[in-house]
Amino acid sequence: MHKLVLASNNAGKVKEFQALLAPLNFEVIPQGVLGIPAAEEPHHTFVENALAKARHASSASGLPALADDSGICAHALDGRPGVHSARYAGEPANDLANNRKLISELNNQSDRSAHYVCALVLVNSADDPNPMIVESSWYGVIVDEAKGTNGFGYDPHFFLPELNLTAAELDPAQKNSISHRGQALRELMSQLQTRV
Ligand SMILES: O=P(O)(O)OP(=O)(O)OP(=O)(O)OC[C@H]1O[C@@H](n2cnc3c(O)ncnc32)[C@H](O)[C@@H]1O
Ligand SMILES: [Mg+2]
């Protein structure tokens, strides 16, 4: 079984990864279990931040590390909140406050389209010169009214027209089967198979 540190302190993400990786041959250790604090995320792109998180967790643990940097990009807002999604309304991170801010910024905007982005980086070691990097998107529409209690973050306001449901109304397995994170992880795993 491959041992992997999951470079995230977000409980919602950790749950999704545990479900996605459970059928595979991985022992996934969330970095919080090892007492590894959050890395700095100073960069302008999801990929750069995911790489920083993965290197940080691998350096602190001495193990291979998988990091996720993700967020939601509203098209009428030039991609905001983007890499600032977790703390859009300020510190400490607060999903309710972030959603309120997003909805208020979209007030009077007719274009409600948005996409989630998930960048995943897998490093074998802290100074791995050839990390595996994938990025996937998931398209939807931001709605004013929150619906559903599953998921986390912006999910209650992320509406999927083709399903007539928000992401928070999907059960966890359904979300993982179509989400930015599920898509990215499946792509990463298929790339990983070609390497070993
Ligand atoms: O950095 P880590 O420790 O992984 O935890 P984080 O919550 O700070 O994670 P990010 O820096 O990647 O910020 C991602 C934010 O984007 C939002 N987000 C990402 N994926 C999401 C999803 O599947 N559903 C809802 N919101 C999501 C949510 O607000 C997250 O806090
Ligand atoms: Mg973060």
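Placed from the backbone N, Cα and C atoms, the Cβ positions cover glycine too.
No curator has checked TrEMBL annotations; they are predicted automatically.
If you check TrEMBL, you get these features:
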- Asp69: active site, proton acceptor (ACT_SITE)
- Ser8, Asn9, Asn10, Ala11, Gly12, Lys13, Ser70, Phe152, Gly153, Tyr154, Asp155, Lys175, His180, Arg181: substrate binding site (BINDING)
- Glu40, Asp69: Mg(2+) binding site (BINDING)
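Positions of TrEMBL features highlighted on the structure.
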{"residue": "Ser8", "record": "substrate binding site", "DSSP (3 states)": "coil"}
{"residue": "Glu40", "record": "Mg(2+) binding site", "DSSP (3 states)": "coil"}
{"residue": "Asp69", "record": "active site, proton acceptor", "DSSP (3 states)": "strand"}
{"residue": "Gly153", "record": "substrate binding site", "DSSP (3 states)": "coil"}
{"residue": "His180", "record": "substrate binding site", "DSSP (3 states)": "helix"}
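When the Cα atoms are compared, Asp155 (substrate binding site) and Asp69 (active site, proton acceptor) turn out to be 16 Å apart. Taking the C-alpha positions, the distance from Gly12 (substrate binding site) to Asp69 (active site, proton acceptor) comes to 13 Å.
Around the Cβ of Ser8 (substrate binding site), 25 further Cβ atoms fall within 10 Å across all displayed protein chains. Ranked by Cβ neighbours within 10 A across all protein chains shown, the binding-site residues Gly12, Ser70 are led by Ser70.
Glu40 (Mg(2+) binding site) has Ser8 as its nearest neighbour among the binding-site residues Ser8, Asn10, Ser70, Gly153, His180, going by CA to CA distance. Cβ-based neighbour count (10 Å, all protein chains) for the residue listed as 'active site, proton acceptor' stands at 28. Comparing the residue listed as 'active site, proton acceptor' with Ser8 (substrate binding site), their Cα atoms are 9 Å apart once rounded. Considering only the residues assigned to substrate binding, Ser8, Asn9, Asn10, Ala11, Gly12, Lys13, Ser70, Phe152, Gly153, Tyr154, Asp155, Lys175, His180, Arg181, the longest pairwise Cα distance works out to 20 Å.
The Cβ neighbour count for Asn10 (substrate binding site), using a 10 Å radius and every protein chain shown, is 19.
Proximity of the recorded positions (Asn10, Glu40, Asp69, Ser70, Asp155) to ligand 1: a Cβ under 6 Å from the molecule is found for Asn10, Asp69, Ser70, Asp155. Fewest other C-beta atoms within 10 angstroms, among the binding-site residues Glu40, Gly153, Asp155, His180, are seen around Glu40.
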